[in-house]
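Novice: Have a look at the structure that comes next, please.
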Amino acid sequence: MPKKFGRIHLVVMDSVGIGAAPDADKFFNHDVETHEAINDVNSDTIGHISEIRGLDVPNLQKLGWGNIPRESPLKTVPKADKPAAYVTKLEEISKGKDTMTGHWEIMGLNIQTPFPTYPEGYPEDLLEKIEEFSGRKIIREANKPYSGTAVIEDFGPRQLETGELIIYTSADPVLQIAAHEDVISREELYKICEYVRSITLEGSGIMIGRIIARPYVGEAGNFERTDGRRDYALSPFAETVLEKLYKAGIDTYSVGKISDIFNTVGVKYDMGHNHNDMDGVDRLLKAMTKAEFTEGFSFTNLVDFDAKYGHRRDVEGYGKAIEDFDGRLPEIIDVMKEDDLLMITADHGNDPSYVGTDHTREYIPLVIFSKSLKDPKVLPVGHFADISATVAENFSVKKAQTGESFLDALV
């Protein structure tokens with residue numbers, strides 16, 4: 001079967017969920033003050049931002065964001081009379097609401113064993129190994145689930161004085177190392193993270209989903225995390241559609257932290273890490289306009305929605321970030337070829353109005369646009385992996401573990 005689309009561009013608006021998933025009662029956030037566990041059944045990232053702050057997103061509105069099936073309509077994103085794109089929402093079947101699980105399922109994997117988390121912090125023997133390798137002590141009081149901004153507020157001044165490492169975790173399967181760039185260089189931080197990655201792989205006794213380098217700068221009371229973040233992920237446990245495309249000789253482009261999330265597996269061309277989401281759009285545009293990129297697949301992650309606004313429960317900042325992205329959509333559409341396909345989605349929720357600071361278990365929105373499509377409509381609710389199954393069918397490779405293609409529905 002000949003390709004329907006010469007190029008497919010997949011953009012993940014990290015954490016931009018669109019309402020509680022059917023199994024949200026099994027996933028929890030913890031009240032920051034009382035530590036009470038509250039399930040995610042009332043979470044609704046886009047819905048609550050639209051209601052509390054309001055959203056002025058004319059381009060997403062025209063594409064059909066307001067037409068995505070919901071129990072109640074978005075307050076400030078009205079339905080389009082004739083949406084310019086196919087739209088729907090997708091449900092996650094994997095047993096997790098973290099970045100890796102979401103992206104890996106989008107690329108066709110079914111993760112039924114959740115990645116281990118460490119709510120009590122990391123074991124002493126692991127910390128001792130890191131100390132021995134790095135030659136630096138670790139601040140034990142930080143070794144627990146912590147907000148990334150709060151942990152540097154609380155321990156940054158001490159790190160500036162002593163040079164000790166700040167190692168902390170979250171509700172996600174991550175080990176994060178915060179390092180002030182005046183005390184610990186990025187190069188040293190990355191080397192430490194690479195070591196930690198090497199001793200926490202599957203079968204090592206303590207498996208960790210991602211090791212994250214978190215450099216920051218500034219003075220006490222005014223610390224700021226920089227764009228030097230690096231994620232050191234496990235390699236996917238099975239072959240994803242991204243890897244299948246790569247092995248079939250189809251060009252694959254990574255923008256933002258996609259390459260990190262898949263540990264580079266399946267990525268042919270890495271457009272680099274984003275300084276911020278607007279820089280991420282710039283990098284996507286640079287990939288799309290490369291003369292040699294005539295056929296293939298680009299995969300973009302825009303992380304600021306999640307990292308800067310979702311975890312910090314910043315409704316205003318989150319809404320503004322969505323509007324900023326909406327303002328860039330005409331540029332993306334303008335450089336699309338007639339047979340390009342653009343898909344805009346998310347990987348989980350992170351309702352900035354919700355209790356706690358963790359991700360929320362939500363449906364993700366899906367917008368599917370091409371200049372060649374004649375009759376866009378609302379598609380049935382599907383699953384995350386339907387995206388990769390569609391990509392796979394378009395490029396004549398086998399789908400991964402799960403997912404059903406909707407390629408034939410696009411006319």
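Cβ coordinates come from backbone N, Cα and C, glycine included.
Swiss-Prot lists these features:
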BINDING   Asp14, Asp347, His348  Mn(2+) 1 binding site
BINDING   Asp306, His311, His359  Mn(2+) 2 binding site
Novice: Out of these binding-site residues, His311, His348, His359, which one has the fewest other C-beta atoms within 10 Å of its own C-beta?
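Specialist: Result for the binding-site residues His311, His348, His359: minimum number of other Cβ atoms within 10 Å at His311.
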Novice: Within 10 Å of each Cβ, count the other Cβ atoms and name the one among the binding-site residues Asp14, Asp306 with the highest count.
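Specialist: Per the Cβ count within 10 Å, the most buried is Asp306.
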Novice: To the nearest whole angstrom, state the Cα distance for the pair His359 (Mn(2+) 2 binding site) and His348 (Mn(2+) 1 binding site).
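Specialist: Taking the Cα atoms only, His359 (Mn(2+) 2 binding site) lies 7 Å from His348 (Mn(2+) 1 binding site).
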Novice: Given the Mn(2+) 1 site residues Asp14, Asp347, His348, which other residues of that chain have a Cβ within 8 Å of the mean position of their Cβ atoms, reported in sequence order?
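Specialist: Apart from Asp14, Asp347, His348, the close residues are Val12, Met13, Ser15, Val16, Gly17, Thr99, Gly102, His103, Asp306, Ala346, Gly349, Asn350, His359, Ile364.
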Novice: Using DSSP and collapsing to three states, where does Asp306 (Mn(2+) 2 binding site) fall: helix, strand or coil?
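Specialist: In the DSSP reduction, Asp306 (Mn(2+) 2 binding site) maps to helix.
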Novice: An 8 Å radius from the center of the Asp306, His311, His359 Cβ atoms defines the neighbourhood of the Mn(2+) 2 site; name the other residues of that chain inside it, in order.
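Specialist: Here the non-site neighbours turn out to be Asp14, Ser15, Ala307, Gly310, His348, Asn350, Thr357, Asp358.
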Novice: Would you count the other C-beta atoms found within 10 angstroms of the C-beta of Asp347 (Mn(2+) 1 binding site) for me?
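Specialist: Asp347 (Mn(2+) 1 binding site) is surrounded by 29 other Cβ atoms within 10 Å.
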Novice: For His359 (Mn(2+) 2 binding site), what is the secondary structure state per DSSP, taken as helix, strand or coil?
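Specialist: Note: His359 (Mn(2+) 2 binding site) is coil by DSSP, not helix or strand.
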